[in-house]
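Before any comments, here is the structure.
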There are 2 protein chains.
Amino acid sequence: MNDNTTWHYENFDPTGSAIGYRITRKLDEVQSPFQKIEIYESTDWGNLMLIDGAMMLTTKDNFLYHEMMSHPALFTHAAPKRVVIIGGGDCGTLREVLRHPGVESATQCDIDEQVTRMAEKWFPELCESNGDARAELLFDDGVAYMANCPAGSVDVVIVDSTDPVGPAEGLFNKAFYESCFRALKDDGILVQQSESPLMLVELIREMRGEMGKAGFNAFATLPFPQPCYPTGWWSCTLARKSGGFAFREDAARERGFATRYYTAEAHAAALVPPPFLAEALAG
Amino acid sequence: MNDNTTWHYENFDPTGSAIGYRITRKLDEVQSPFQKIEIYESTDWGNLMLIDGAMMLTTKDNFLYHEMMSHPALFTHAAPKRVVIIGGGDCGTLREVLRHPGVESATQCDIDEQVTRMAEKWFPELCESNGDARAELLFDDGVAYMANCPAGSVDVVIVDSTDPVGPAEGLFNKAFYESCFRALKDDGILVQQSESPLMLVELIREMRGEMGKAGFNAFATLPFPQPCYPTGWWSCTLARKSGGFAFREDAARERGFATRYYTAEAHAAALVPPPFLAEALAG
């Protein structure tokens, strides 16, 4: 190993744990009106994007998150045509959404244009669908965007945001979920990243509570591995106005596009919470 | 948080990543003839056991590893009666094995008695089946133990060891696997912890290669979350002399004992490698 490597650690106070990477150099940094974005080169994980010091993604493992934020919801909805992504400025979720040929339009609304500019530069593979005719990239306030969405116009809303502090704080409360509820059709699905199933279950319960106050009454929290996030184990939570989370297994199996983590079996298993999680969510 | 906490980091050179914990104090330390064992108290993960500076287990997340090292193999074998655990000195795997009422005897052979003594003191919940009449605890060389096992006497061998450096090095080569092959009945199963599926696939391939040279010809690598090990994502590899890895799903579903992670669905999903892993193992 060359002598210029250093170790960058990120301490996660809420989980009492830390994750670190061996870094070769800082590649870029920009202070946007909203947050500081830094790009590092690592020895084993490709490039890293940090926002206000918090790890957002690595070249090596982002496929886990992006596939699980999109495919479970899109294979659960009977025929998703209109998708909205709130946040998601790195464009990785957008790319996965657009792999579904039935999707007619996908709007990504991230408040911070600089996230997308940095992704284009340092994670170009995530941005390869940005030119798709079905894609719309907005740089605006996601809370306002959802509040102004025509009622009953959206099939799937994906909230692909940072944690509930700073710019993303407004994406984790009843008012925002009410906008999502109103914008979604009756069979629509809301998806949100929902933190560590092992260590942050209270946060998942609070999120489901706020979603419930907004009218959603069916929930599923799907765990998946995500090495670069606290505890290395993450989750997304799906919410519906009614109905369940049975998914189009045959379509998932014969999906006609490549995935690196998502399979029909992984989807099915993620729908069955480990007993400790089922208990914690019920408790 | 009180002012006496410190962060303990462990850098993993082969993965270029690190994991850390917020520590309140060191509880214990012993230098055995084989290795240094340290016990720390953490703010969020209960007690931690480190061997030669490497994280072995935490109170909070060891259930993932112990359940996945035992239940998939035991529900794959048609009727496991005689189980041998090589390593496993913390006794957590032994406890899980003994949850299966059909098991008639389970021998745990760890070279280092001090690991078990420290587990009894600081992880007593893992040792609660040590007094089971079916349990035999040996403190001896696992390589020699397997070499001396009567041929065709064992249903399941579980290699629950540290990484392939230091005392455990001899548990990852053809000679050792030949002993396992000989000791196993024709329908027997060998299980071994097999490192990170994301970052250490080369090691899994080598392990399967050595197992193959020893005569095993069917393999399955099952990934599972394990926050305290490098990348937070780990695996075990099952090997058989012949046949496949279809498991007794009904028995797994109606298992009659509590698990915190293992479910029939998690087992089924773990048998279908994520596409990236299938490709890497085939490549």
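Any Cβ shown, glycine's included, is placed from N, Cα and C.
Residues or ranges marked as active site, proton acceptor by TrEMBL: B:Asp160. Note on B:Asp160 (active site, proton acceptor): other Cβ atoms within 10 Å of its Cβ, all shown chains, come to 27. B:Asp160 (active site, proton acceptor) carries a strand DSSP state (E or B).
Positions annotated as S-methyl-5'-thioadenosine binding site by TrEMBL: B:Gln35, B:Asp110, B:Asp141, B:Gly142, B:Pro167. Taking a C-beta cut-off of under 8 Å and a sequence gap of six or more, B:Asp110 (S-methyl-5'-thioadenosine binding site) has these contacts in its own chain: B:Ile86, B:Gly87, B:Gly88, B:Gly89, B:Thr116, B:Leu138, B:Phe139, B:Gly142.
If you draw a 10 Å sphere around the CB of B:His66 (spermidine binding site), it holds 25 other CB atoms from the protein chains shown. Annotation note: B:His66 (spermidine binding site) sits in a helical segment as assigned by DSSP. What TrEMBL records for B:His66, B:Asp90, B:Asp160, B:Ser161, B:Thr162, B:Asp163 is spermidine binding site.
As annotated by TrEMBL, domain 'PABS' applies to B:5-241.
B:Gln35 (S-methyl-5'-thioadenosine binding site) and B:Asp163 (spermidine binding site) are 13 Å apart (CA-CA, integer value).
Within the set B:Gln35, B:Asp110, B:Asp141, B:Gly142, B:Pro167 that the record links to S-methyl-5'-thioadenosine, no two Cα atoms are more than 16 Å apart, and one pair reaches that distance. The subset of binding-site residues B:Asp90, B:Ser161, B:Thr162, B:Asp163 lying near chain A, with Cβ atoms under 8 Å apart, is empty. Counting only the Cα atoms, the space from B:Gln35 (S-methyl-5'-thioadenosine binding site) to B:Asp160 (active site, proton acceptor) is about 16 angstrom.
Closest to B:His66 (spermidine binding site) by Cα-Cα distance, out of the recorded positions B:Asp141, B:Asp160, B:Pro167, is B:Asp160. Least crowded of the binding-site residues (B:Asp90, B:Asp141, B:Asp163), judged by neighbouring Cβ atoms within 10 Å of its own Cβ: B:Asp141.
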